[in-house]
Every structure is written in C-alpha cells, then in structure tokens.
Amino acid sequence: MSRAALLVLADGRFPAGGHAHSGGAEAAVKAGRITSAAGLEDFCRGRLHTAGLVAGALAAAAVLGVDPRQLDAAADARTPSPALRSAARRLGRQLLRAARAAWPSPELDALGVQFPKGAHQPVVLGVAARSAGLAPEDAAYCAAYESVSGPATATVRLLSLDPFDATGVLARLAPELDRVADRAVAAARRALDEGVDALPAASGPLLEVAAEWHAAWPVRLFAS
Amino acid sequence: MHLDHTHDGPTAVSADAHRRDGSRRALRIGLGGPVGSGKTATVAALCRALRDELSLAVVTNDIYTREDAEFLLREAVLPPERITAVETGACPHTAIRDDISANLEAVEDLEDAVGPLDLILVESGGDNLTATFSKGLVDAQIFVIDVAGGDDIPRKGGPGVTTADLLVVNKTDLAPYVGSDLARMAADARTQRAGLPVVFQSLRGETGVADVAAWLRERLVAWSA
Amino acid sequence: MTTTGVRADARIVARADGRGGTALPVLDGEGPLALRRIRSSGAETRVMVVGAMSGPLGGDRFALTARVERGARLHVGSAAATLALPGQAHGEARYDVRLDVADDAELHWLPEQLISAHGSDLYVTTRAELAAGARLVLREEQVLGRAGEEPGRLTSRLTVRVAGRTVLDQELSYGPGAPGGWDGPAVLAGCRAVGQLVVVRPEFADHPAEARVLGECAALIPLAGPAVLVSAVAPDALQLRRLLDESLAGLTRTAP
C-alpha cells in the first residue's frame, strides 16, 4: 500500500460530504464569536484540542483494530449533542460510500452492515485508513486536520474571509496538529490494552451547545 | 446514459441501477439552472402532472437548505415524506456534481422510506450556467433557463445549455415584455445542442408543463425497458 | 516546606432502613472532607460536605466515594464552594469522586461550585456508576478564578455509566497550560462559569427528553442512554446557577 493514499483520503475534494458542514463555524459566526481570521484561529485551536483530539484518537484506534462498535459507543459518550451525533453518523455513512469505492475491503463492507444508519465519522475514517493500508498516525492526522480545515473553508464562505488568511491560520496550527496527532495515537495505543475509556474525552462546551442552537434554525447554510 | 452494473453484494457504485434488495431503482432526473428561472415551479408542476400515474419523490438542494423544500410542502404537491432537503454548505453545485454523497444518501433514503418509486426529481439550488449534475447521481438532467434572463443565454452556451438532456426555456409568456426573441433563442439552442431537445414553456399557458412531462414519460419507458 | 500535600478520604454508604427511610451505615470523612448528616425529608437522607479548611491545594489528594444501595435515597450537598488554591507542595492536586447507585436507588449530588483560583492546578474526576434502575441528579459547576482573578489550571473529567454503558464521558480543561483555544469561541468564549447537570432516569429509556435550546450558551440534550445533560456556559457563577436551576425545575415538572 502507498502512503500517498493519505493524500487521497485527506483531500478536501474527497467526496464524503464534508463540504456541507462547518464544524460549528456557522453558529460561532452568527453568535459573533468569529468575526476575523484571528477569531477563526482561536476557534480552530479550541476545536483541534477538543473534538479534533477525540476524533484523531478514535480514528487511530480503528486503524489499530479496536472494535468499531466499542469505538462508536465511545464516540456517542463523548458527543453529548444529538445534533452532532446525527451529523457524525451521516458523515460516517457518506465517507463509507466513498471509501468503499476507493479502497474496497471486507471490513468496510462489515461496517456498513453493522451500522446501516452510519457509524461516527472518525470510526469510519479509521477503518478506511486501515483498508487503504495507512498507519494510525495517518488517520489521526487526517481527523485532526479535518477538525480545523472544515471550519476554515466554511468561514471563508460565511464571512467572505480572505482565503489566504484562512490558509495562513491552518498553516500556523500545523505544530499543534503534530502534537494532537501524537497524543491521539498514544491514547489509541493505550486503548488497545485498557479499553476505550483510555481514549481522550476533551470537550468544548460551546461546540456542543451551539450545535443544538444551530440545528434549531429554520434557515442555515451548513448542515452542522 | 446510465451505467448498468450487475449487483454483487453491497457495492458503493453510485450509478448502480439496482437497490440493495436487487430491485430496479427509480429513474433519477436532475433539474438545474440559474436562480429564478423556474426550477421549483417546474418541479411543482411536474409533481401535479405525474403524481396520479407515478410514484414520485423530490430532493431539493437549496442555498438556504430548506427554502425550496418548504415551497413544495406549502404548495402540497406531494406528501411531506416524499420531499427531502439536502444541505449544501452554500455550494449547491458541489452537492450535485463534485461530492454527491449527501444526495445519494437522500435518494436512497427516500426509496427505502416511501418506495418503490418510479421517479425521483433532484432539484439543484439556483446556481450558474456551469452547474451540471454528476452522472453518478442522475440518469438524465434538465436545464431550466428563462426568457427574462436574456435571450443570448443559448448563444453563450455553457455546460448546462449545451449538454443537458433537455433544455427548458421557461416563462415564454414574458418574452414580449422583456424584449426576448424566441426564434433567435430556438435557433441558437439548436446550434449549441447538436440535436438535443429543447422545450419552450410557459407554466401559465394552457399546455403548462405538458411537454416536459411527456419527455419524462419517454425516459421512464426507456428506463423500465 | 513540605513536598507532599494532604490526603483526605471520605466514604458514604446509604442503605434503606426498612422503614421507608435511608440510613447511613458509613459516614466517614474528616478534615477538608468532613461530612455531616443533616435533616432528612421523607425517604431521603441528606449529607453535607463541611470542609474544615479550604482546599485542595497543590499536591493534595482528595477522594470521596458514595454508595447508594437498593431502595435508598441520598442527597449530598456542600456547605460552601470548593476553592482550588496553589499550595506549598508543588504539582497537581487531585480530587476523585466515585458515585455508585443501585437499582431503585436515587442520588442527588449537588455540591457548590468548584472555584479555580489563580496559580492552582487541580485535576478532578467524577465517575458515576449506575444500575439500570438507578436515578441520579448530578450538578457540577466550574468557576474560573475568584472575582476579577485569572483562573488556575483546572481539568475536570465527568463519566456517567448506566448498566455498564458509558452515556457521558467529558473532559473540560481550562487555564494557563491547558491545551490551546480553551478561552476561545469553541470552548468558553471568555465566559468564566461552566456547568453540567446530569439527570438519569430509567423512564428516559422509553420516553427520551426532547433537546431544548436554552439560549445560545446553554442546552438541554438527551444523551445516548436514559439520561439528559444540561450543558451551560455563563459569564458568572450566579447566572450559571440560575440556568441550571431553571432547567432542573423544568425537568422535574415534566417528570413522567
């Protein structure tokens, strides 16, 4: 297998539905909490160290072969907001479709049978990375990067933010992405021995609360 | 037009002509075109014209997620469980062309929930002249423009005007008021489309959506053959 | 100068007394975790944590366990807010709370706020293990800094398990040295009070509560299990308490 598969999986154009989700940025913009590139950077940093870390660890654990059912239950417990759980499952199902076309495998097929309504996206991401022959580190990087690239792209659309500024934000977060991916993989390895309780449970209260607020809007641009 | 794969277990091929249980899935028709050209009104008229003879459902892809779906619901052209809105993250053309995963989920969920269906209309949010549907999502597409948008649109071409399986020039009743030359539009469209069909329509006129409905019936006959 | 902090352990066991009330065969705590039995109402027995000194300080290790046995009803509160302070001993302080609630038992765990003072460093864990038929009302409030003060470092992990299944596992981390973005728009957005109210009722399994938005900074959310969480972020402790109290009152009114 090829490391370059990571580029395919992490490509923002990978057709897995991410473009319709803002990762909480739409709610934060409407609440006036993101008004500039600096606000976007603060938002992304917070999301990276909470939802991004958890997603990275779930994905890495799935690559290591931890039971997807246990990982999915762990994701549920770490995602209080029903709106976010539902979005994660929809994205998981969409990712599964794309991943099965890209890297067909019995494990991806089995995941579709086990979770007809979709498993949490990071769990599917991990099984997809595993099917592509990628390492736990690769999956953790991919999940952590998605946790910030989604809000950055969405904010460019929502605020007409200068896309160069948004890309600068992502580049400045790179060293922290390294650290989050490291922590995620270390936790995933512990989960192999100690069970899924060893996975991080970092949470951003406003991400969870605002997701519920956002889901109740009658008119919005992004699905979450 | 459509890819007709054989079905061996659960596959991820989007244009597969069969459902998971092996039965033939509904014909999927995309409707695209610029903002305000009358896509949603055409969908509503098609639903009224066909709902008694066919099992129908609609997926909308609006910019503001639910507006078009809510128009169709208000107009009560179909029962609510047959209308689904796909959220597009401010990019409806992405959702119908580059990343069709959410739309595929929507059409499959509709077939599972209210199927079997004969026909699913997938309406794009109002976008620009370059927006076209992926062949992984729909079996054929209709591009809707209107006379008020300028009678030079057929001449300018673009992927929607030149390649759509059916071009609909809508609101012909307005032509005298906006100074559009219908004959010139028809001639330009013929040149651009190399024999692909064009329908001139006024939903306020006597024939209404009849020509488009007739074209759809033909597609359905071919699909079910 | 000491290098190790204080160790304090407290244990509560609540047991049905056979006469419709709740007895406390174990009520064991001293120093910062001194316990006192206070008036009871009906089947419920009340216990107050009356910490004889402030704490935890750096290096301290506090542990409190409460077990509520079948048929018993226990209410635990605290006489005052818990104040995490910097200590002479260096390093992180820990405060571990373990709650066990049996079938047909009920625990109300409603301590006052946990205040993270400037320079403090506290890791607090709360783990509730519930049987399928257990009931729980649990409130946690974190206040970052005393009035006008920069907060210390505070990490709080809250785990709630029902019938062996984890329904909530959430870690919040704030203050100097916490992972980046803790004060930003994804986490606190400059607010200084954060609260969680968890209500577990067997009835929620068949009749889940409906999600309810309580403004843009608080929501009542059904968890993946027979439980709801009210999660709230507020400018100060007073506004936070008001939000949580109102939510709890609303839940009690709609109790099946």
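The backbone N, Cα and C atoms fix where each Cβ goes, and this holds for glycine too.
Automated prediction, rather than curation, is the source of TrEMBL annotations.
The range from B:1-20, B:141-160 that TrEMBL describes as region 'Disordered' is residues B:1-20.
Within the same chain, the residues at least 6 positions away from B:Lys39 (GTP binding site) whose Cβ sits under 8 Å from its Cβ are B:Leu31, B:Gly32, B:Gly33, B:Glu123, B:Ser124, B:Gly126, B:Val144, listed in sequence order. Over all protein chains present, the Cβ of B:Gly33 (GTP binding site) has 30 other Cβ atoms lying within 10 Å. For the domain 'CobW/HypB/UreG nucleotide-binding' (B:29-199), the predicted model reports an average pLDDT of 91. The number of other Cβ atoms within 10 Å of the Cβ belonging to B:Gly36 (GTP binding site), over all protein chains shown, comes to 14. Its Cβ taken as reference, B:Ser37 (GTP binding site) is surrounded by 24 other Cβ atoms within 10 Å in the chains shown.
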